[in-house]
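Take a look at the structure set out below.
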Amino acid sequence: MEDSITARLKRLVTSSNEVLEFRLIRSIDDLDSKETVFKPEMTYQVFGDREIIFGYQDLKVQLFYSAGCLETYLGMTYTEKVNTEYEGVEADEILTKIAAKLAPDVHYSETNFINALTKDDTFTPYGTLIHSFSLNDKGTTRRFVVYKADMSYKGFKEYHQRIQTFLLWYIDAALFIDLDDDQWQYFNIFEKYTTSIGTSRYATIGFATVYRYYAYPQHIRPRIAQFLILPPFRRMGLGTHLLQAIYREYIGRNEVKDITVESPSEVFQRLRNYVDALNCSTLPSFKPERLRKGFDNEMVTEARDKLRINKKQARIVYEILRLRATNVANTEEYRAYRLDVKNRLNIPFKRKQNEEAKIERALRNEDKRTYTNDNGLPSEEQRKEILEKEYRLLEDEYKTVIKRLEYATEL
Ligand SMILES: CC(C)(COP(=O)(O)OP(=O)(O)OC[C@H]1O[C@@H](n2cnc3c(N)ncnc32)[C@H](O)[C@@H]1OP(=O)(O)O)[C@@H](O)C(=O)NCCC(=O)NCCS
């Protein structure tokens, strides 16, 4: 008896990552089409670190949005729910937990949501158009636009409150920003498409937020804080276009010192490396014959003055472009490249080693009896092994960027 209750309760535990279904609705048919469903990558901010939901059998949770202005529907279905009276445990309050994170005015009735879909007929992006482009997607041409906005545009705040909730499901430790701080700038990307009856509409694709940090005496350092392309639109080059549009917005301005990124994710850093390498490859100081001579100040200055790239990122770009310019079949040339990168990777270790050496000298002078030679640092041999591993990972990463550069078209 006990066992069967335990088994039943276990059956009522589901993974919140599995049961949540998102859809962006362009037409009523999308409500039933399996192809429009996409899933969260994480749900711990809503359902806790174990990412589980308790109390339901065959559970499905639906979070649907109208594709343009993001009118929201939240609902759930299940075949059985735990019986609190007999089984003594309560089912999780799913909708309450999710709604707490969503913008206000969520629809819980499908009929009301369907009626609200018509709002997309008249929806147009907020702000000013800064970039428009077309992409070929499996034989069809799709058009996209990037808009720059701030909170002075009527209705934009409410729109942003709706789109920002996607961060919870796709960016680790994501936080909502302070919408009243006017140093934030917002970049939104949309697809401009034509419906089956020939009307023109906009569909939300993703967004980025940029904070304009002050820099002495009258400069700013724009920092990209959040950057998201919704899953159905990834791996088409849209992230690249959004980033390039943001760059163009700031690069030509004298008051901009550099453009940075707040704790970039691995995929985003790769995208940034690609765009930066593509842009730097047009600069004279990043020409192959220069790259082979090593990293120099002119590269730092040119990357900063022409593209607002900081020194650390300029160094990464140099390593990528130098690898591309290196003939790896030439033993000497390839060896020189590896050495150059490993020397850079070794800098933090060298620094630590120097600090330890200083401490050792001080201890040796102070008390010869307690002095030991064990400084906790890896041996020279171990260090070489670690460096080799670090180098290999980096080279693989650089190779993916180089591969993409090979078929790059102008952005
Ligand atoms: C990071 C992110 C913005 C990238 O957006 P995206 O639109 O997919 O970016 P792109 O399409 O320009 O490039 C992504 C990949 O698609 C590939 N790609 C681009 N166009 C392609 C095409 N037509 N066919 C096949 N692959 C393509 C690129 O080569 C790249 O591959 P790589 O990672 O192996 O180099 C997106 O994945 C995202 O929102 N992730 C979650 C949130 C996040 O991490 N944000 C950053 C926080 S700092």
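Placed from the backbone N, Cα and C atoms, the Cβ positions cover glycine too.
The annotation domain 'Histone acetyl transferase HAT1 N-terminal' is assigned in TrEMBL to 13-172.
Residues or ranges marked as site 'Interaction with histone H4 N-terminus' by TrEMBL: Trp184. Annotation note: Trp184 (site 'Interaction with histone H4 N-terminus') sits in a strand segment as assigned by DSSP. Neighbour density for Trp184 (site 'Interaction with histone H4 N-terminus'): within 10 A of its CB lie 18 other CB atoms from the protein chains shown.
Residues or ranges marked as domain 'N-acetyltransferase' by TrEMBL: 204-254.
Look at TrEMBL and you will find Phe227, Leu228, Ile229 tagged as acetyl-CoA binding site. DSSP assigns Leu228 (acetyl-CoA binding site) to a strand in the three-state reduction.
Counting every protein chain shown, 12 other Cβ atoms lie within 10 Å of the Cβ of Glu262 (active site, proton donor/acceptor). The active site, proton donor/acceptor annotation in TrEMBL covers Glu262.
Annotated domain 'Histone acetyltransferase type B catalytic subunit C-terminal' per TrEMBL: 272-323, in sequence order. Across the domain 'Histone acetyltransferase type B catalytic subunit C-terminal' (272-323), DSSP helix (H, G, I), strand (E, B) and coil residues number 40 helix, 0 strand, 12 coil.
Counting residues 6+ beyond its ends, the coiled coil (377-404) has Cβ neighbours under 8 Å at 270, 273-274, 277, 319-320, 323-324, 338, 341-342, 345-346, 349, 352-353, 356 in the same chain. As annotated by TrEMBL, coiled coil applies to 377-404.
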Rounded inter-Cα distance in Å - Leu228 (acetyl-CoA binding site), Glu262 (active site, proton donor/acceptor):
13
What is the total of other Cβ atoms whose distance to the Cβ of Ile229 (acetyl-CoA binding site) is within 10 Å?
24
Give me the non-local Cβ neighbours of Phe227 (acetyl-CoA binding site): same chain, 6+ apart in sequence, Cβ-Cβ under 8 Å, ordered along the sequence.
Gly206, Phe207, Ala208, Gly239, Leu242, Leu243, Val261, Phe268
